[in-house]
Amino acid sequence: MNMPLLDIQPRTLQFAVDLKKQTSCVVQLTNTTHHYVAFKVKTTSPKKYCVRPNVGVVAPKSTCEFTVIMQAFKEPPPDMVCKDKFLIQSTAVSAETTDEDITASMFSKAEGKHIEENKLRVTLVPPSDSPELSPINTPKQGAVFEDSILKDRLYSQSETLAPPQYEGEIVKEPRMVGHDELKAADNAKELKTPKMATVDFVEDRYTANDLKATKDSYDSSRMAKETGFDPIRSHKDADDGRAIKATTNLDAPMKKAMDLPRDQGFTNGIAVDSEPKISKERDVVQLQKTDGQNVRGLDELKLVKDIEEMKLKVDALESKLKQADSTISKLMEERSISSQHRQSLQHELAELRTKKIVKEVHNGFPLLYVCVVAFIAYVIGHFLRT
C-alpha cells in the first residue's frame, strides 16, 4: 500500500489563546482508497484536549470529521510555543466493522498489519488572529433594505453573526459594531434601496438555514429607551425620505440574537438560527437518556446474572449440606454398630475370664476334703490297733 489511506486537512491545528474559554479545531479525514479505513486519534496531552470522536470508520471515497477541543487557559502562557502533538493511526478494515468494534489491538504492528501514522502539530495564535465574522454592514455581506417593507420590524440595535457552535464548545461573545466601522462601511460602498428589496448574503459562508428574519414586531423607540443605545443613520428611503436607524453602544452587553424568518427581509440585526443548537441539545438529551437506559439495562442484566449465580451457589451449598447430613448419619450408624460390637467383645472376654477361674479352682482336692479323709483314716487306724 504505497498510496496513503487518509488525506488529513489541516496538518497543523491552530488554537486561539483565550482565557476562561474553550477553543476548537475541526480536522477532516478523506479516504482516498477503495477500502474501509479505521482511525484512532492519540495526543501527548490527554488532560488538555478532548477529541470527539477519537475513533471511527471512513467509507471508501468519503470524508469524516472530528473536533479537537482545547481546554481554557487559566492564565496566559509565557510564550506562544506549543509542543503538543497528535497522532492519527489508520488501517484498512472490513466493511462490517463499526465504531464499537475498534480496539487498540487493531493498530498493533506486532501482527504484521499495515498501520499508517500521521502526526499533527499544534500552534497557538492570539485571539485577534483567530477567524471572526465580519460586520454585517461590509460590502461582502451587505443587504438592501426597503423601509416600506421593514417599517414594522425595525430594531434599534445592531448585531453580528455568532460563529457556528460545535458540541462541547463554548462560543465567543459576538463583537458589537461601532460608529466608526459603520461610517467606514458607508463610505466604502453606498447602498441604494429599491422598492422591493431582497437580502443578499454570501452562501459559502452561511447557508439559508443558518439565517432567519424576525417574526416579532418591536417598537424602535421602546428598544432605544430600554437599551440606551445611541442612534446612527444608515440608509435613506428613496420614496418618503425616512431613514432606517440602527443603534449600538460599545459599553453595553450584547443582547441575544434576533430570530428572523427566511421569506422576509432583514433589519440591521442578523443572528444565527438557534434551531441547530436546540436540536443538538435535544440530541444530547436523547443520547443521555439512551445511555441511561442502556446503563440501567446493563445493571439489570448484571443483577439477573448475579442472582442466578447466587442461586447456583445456594443449590451447590444445599447439595453439599445434604451430602454432609448423609455422611453424618452413616458415621452415626457405624459408631453405634462399633459400640455394639465392642460391648459384645467385652462380654465374651468376661465369660472367658470366668471360665478360666473355674478351671483353675477345680484342679486338685480341697483342703477340707483332705482334712476329713485324714481324720477318718486316723480313727480307723486307732480302732484297729486297739
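Heads up, the Cβ atoms here are built off N, Cα and C, so glycines get one too.
Taken from Swiss-Prot, the feature N-acetylmethionine covers M1, and the record attributes it to a large-scale study or a structure entry.
Positions annotated as domain 'MSP' by Swiss-Prot: 5-125.
Residues or ranges marked as phosphoserine in Swiss-Prot (evidence: similarity to another entry): S279. On its own chain, S279 (phosphoserine) has no residue at least 6 apart in sequence with a Cβ closer than 8 Å to its own Cβ.
Look at Swiss-Prot and you will find 300-353 tagged as coiled coil, backed by sequence analysis. Averaged across the coiled coil (300-353), pLDDT in this predicted model comes to 91.
According to Swiss-Prot, the transmembrane segment annotation covers 364-384.
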DSSP-derived helix, strand and coil totals, residue by residue, for the domain 'MSP' (5-125): 10 helix, 63 strand, 48 coil
